[in-house]
Each structure stands twice: as structure tokens, then as C-alpha cells.
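To start, the structure under review is shown below, and the notes come after it.
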Amino acid sequence: MDSDTESVKRRKSSGSESESSVRDPKRTKIEDEDFQENGIDDEDEEEEEEEAKDEGDEDDEEKGEDDEEDDEEKEGEDGEGEEEDEEEDEEKKREEEEKYVTSFNFDGVEYKYKERPAVIEEREGKIEFRVVNNDNSKENLMILTGLKNIFQKQLPKMPREYIARLVYDRSHVSMAVVRKPLTVVGGITFRPFDTRKFAEIVFCAISSTEQVRGYGAHLMNHLKDYVKATSPVMYFLTYADNYAIGYFKKQGFSKEISLDRSVWMGYIKDYEGGTLMQCSMLPRIRYLDVNKILLLQKALIHKKIRAISKSHVVRKGLDHFRDSTTPVDPMTIPGLKEAGWTPEMDELARRPKRGPHFAVMQHVLSELQNHASAWPFAQAVNRDEVPDYYEVIKEPMDLSTMEQRLEADSYKTMEEFVYDARLVFNNCRAYNNETTTYYKNANKLEKFMVAKIKEIPEYSHLVE
């Protein structure tokens, strides 16, 4: 009975589960209607959102097109503005360049040359060149102090006290470049020896911020004209360091000293490591007009050349090479024979001008000449000062002779160059006692030369 009861209960339970799993049709219908109604509403909302989005996109596109048009108009305006600015800049640049050009007529022809900015500034009254010395006047002392400060800054190896002492020394004179009202931008301090007709340039410097305007060259031209006009001085002597040699060469200075040693020896200051240089001034030249004078000389020379030659005639190109690659006889080229050309000249022109070792030898020789110990060997020994020298030394040699031989391409190999260099030192040691300055300088300079040549691998074996 219990088992029957359990089976009945199980059946009832199964039935209830079946009933619960059957869906109510009425309820389902209502839910479907609600779902369908809600679904329609959602679709409408999505369509409205898409339409609004499309309208927004169209508005954005229209706005973007308007912005692009505005940008294009703005770019066009900016481009026009930039072009106008560029044209204005070019016009200003042309005007600035024309300001530096000076022209003059000679023999019916106009000649032009470019002036340095320093010349234009002086012409416009922005700068002036003043000669000052220590006369206790307030303004001159201010200028001398400005010069002293520039020299001390630009010449750091010089003792500051030494510079101050010479600048303020009453036997020295200075020419200063002064920017108005009273700013010193550079200058030269020199000591004239009127009775000996030379002056020693002691200091020469331009402020580091003003070195691209041609002040240095214009200052030297002013100094030359001033000294010639106010004194019998016709020569300048100065000791230049390695950095100043180039500047002084451009101003007409040379390492070749034509003045007799008795004129200047013991009068000028000797600087260790400096190179003595000389400038010989021409009496009939006004150095401030040197550009115009040189251009006039060039014009006169060209005029004389045109009178006896046809080298100024410009001929049209040869038609021979237009359709042909065959060689042409040079003698048939119009104007070539008249110019004096010969086949031998062509052969000479094809030869190499310098030997393969020239650059190396030139560099080593320049280093030797600029060395502090080179002064005894710079020139050949004076026969009048040392009468027995050439009796003892049968094969004399010096650095200036080596320079002449190098320029004449006499050294065919590096061995020949080293031989002459060693000859300089060996001659010195053969003639002088080992306790002398000359003997010691020979050792120092030879040691320096050996070190320099050892730096070049292909020639290092020559000094080992």
C-alpha cells in the first residue's frame, strides 16, 4: 500500500512538473504583443537617431567645407603676405648691398668696387679713428683704458700689467676705433722711432664681436696714412704670433726683413715664439684709397693690353665638335695662334705643378719657421757679422733657403728635404759650442722636427 501511495505521489509530481512546463497561451500572446510593440518603438527611435546623425554629418560637412574655404582664403592671404615680405626683404638686401658699392668713371667706362662695412660706417659718422696718447686728458685716458681692456682680453698670453704699462707709456702712441659717442672697439698701439724711420707695432686687436666688419684692415690703412703724413717713418716692424701672421700678410707685411739689423736691433721688444714681420710703405700711395688705385691700375693695364692684343675679343664656340668627335688642329682655332700659343706650352701646362710630397714639406717647414727656437736659423748667416763662418761650414743651409728651394720644386723626394733640415742643425752644432744658445736651439728645433715627421707614417722611417 505504501508503494502504491508513492507511485501515485510520483505521478502527481510528474503531472505538476508537466503542467508548470506548459506555456500559458494567453500570457504568451500578451508578452508577444508587448515585445512587438516595444520592438517597433525601438526601430523608430533608431531611425530618428540615424536621421539626426545624418543631418549632423551633413552640417559638419558643410561646416568643414566652409572652414576649408576660409583656410584656403587665409592661406592665400598669408601666401600673398609672405611674398610681399620676401620682396621687401630682397629690396632691403639690394639697398644694403648697393650701399657698399662705390663707382667712378675712367676713360668713359664705369668701374665699381665694394667697400668694407667699416668704411661705410665711418662715412656715415658712426665710427671714427682717433690718435691718442697719455696726455692726462680725461677723454684720452678713457680711450686708452678701453684699448687696454680689449688688448688684455684679446691677447690672454700677454701679462696684464705689461699691457697696461705700455698702453699708458708716454713714448707710445695709439690709434683707436671709436664708436660714437665713446665706445672703443679696437686699436693699435705703436712706438715711433722717427730718427730711424720705423715704428714698432706693439699691440693690435679688435673686439671679438666686431671682427667681421673690416675694422682691422681699415684701421691699418688709417695708421699708414697718418704715420706717413706726420713723421718720417716709412717702415713698420712687429712680432706676430701664429694667429696674427695671416692678418699682417694681408696688410702688406712680410717675413723678409729688408731693414738692416743695426737699425732696429736693441730698439724693439723681442717676443719668444713670435715671428718678426716688416711692412715697407709706398710714399706715393694713399692707403685709404688703395682699392680705387688698384682698380685704376688694372683698368690702365687692360687698356694697354687691348692696344696690342686681341685677347679681349670674345669669339663664338667651335662648330667642329657639334657633329664630330675627331681632334681639331689647335692652330686652326681662331685667336689661339695670335695669343702666342705653342704646342710646347700645352705640354708644360699638362705637367703636375707640384710634387707629391710638396704639401707635407710645406707644412713641416712652416711649423719649423714658426717655432720659438727657429730664430737663429731663419736667414743665412751674415758673412760681415761672422767672417769665418763660411770657412768652417762648407755646405751652409737655413730655413729661408729651404723655403726658396721648396717653392722652386728643388726637393724631388722627402729624403732631400730632411737632409737639408738636418744640415741646418748639424752646421749649427759644428760651429757653436754646446753651451751656447744656438746649440741648444738647434737641439730643440731638431727634436720638434723629428716629432712632426713621426706623425706622418709614410715618412716616419726617415727620422728613426
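Even glycines carry a Cβ here, placed using N, Cα and C.
These come from Swiss-Prot:
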ACT_SITE  GLU200  active site, proton donor/acceptor
BINDING   CYS204, ALA205, ILE206, GLN211, VAL212, ARG213, GLY214, TYR215, GLY216, ALA217, TYR243, ALA244, ILE245, GLY246  acetyl-CoA binding site
COMPBIAS  20-30  compositional bias 'Basic and acidic residues'
COMPBIAS  31-90  compositional bias 'Acidic residues'
DOMAIN    127-282  domain 'N-acetyltransferase'
DOMAIN    356-456  domain 'Bromo'
REGION    1-99  region 'Disordered'
SITE      GLU200  site 'Important for catalytic activity'
Alpha-carbon distance [GLU200 (active site, proton donor/acceptor); ILE245 (acetyl-CoA binding site)] in Å: 16
Binding residues CYS204, ALA205, ILE206, GLN211, VAL212, ARG213, GLY214, TYR215, GLY216, ALA217, TYR243, ALA244, ILE245, GLY246 (acetyl-CoA) - maximum C-alpha distance in whole Å: 19
Assigned element (helix, strand, coil) containing VAL212 (acetyl-CoA binding site), judged by DSSP: coil
Protein Cβ atoms within 10 Å of CYS204 (acetyl-CoA binding site), excluding its own: 24
Largest tally of Cβ atoms lying within 10 Å of a Cβ, found at which of the binding-site residues ILE206, VAL212: ILE206
Among GLU200, GLY214, GLY216, TYR243, ILE245 [recorded positions], residue with fewest other Cβ within 10 Å: TYR243
Cα-to-Cα gap, the residue listed as 'active site, proton donor/acceptor' vs ILE206 (acetyl-CoA binding site), nearest whole Å: 18
The domain 'Bromo' (356-456): DSSP-derived helix, strand, coil residue counts: 64 helix, 0 strand, 37 coil
Assigned element (helix, strand, coil) containing ILE245 (acetyl-CoA binding site), judged by DSSP: helix
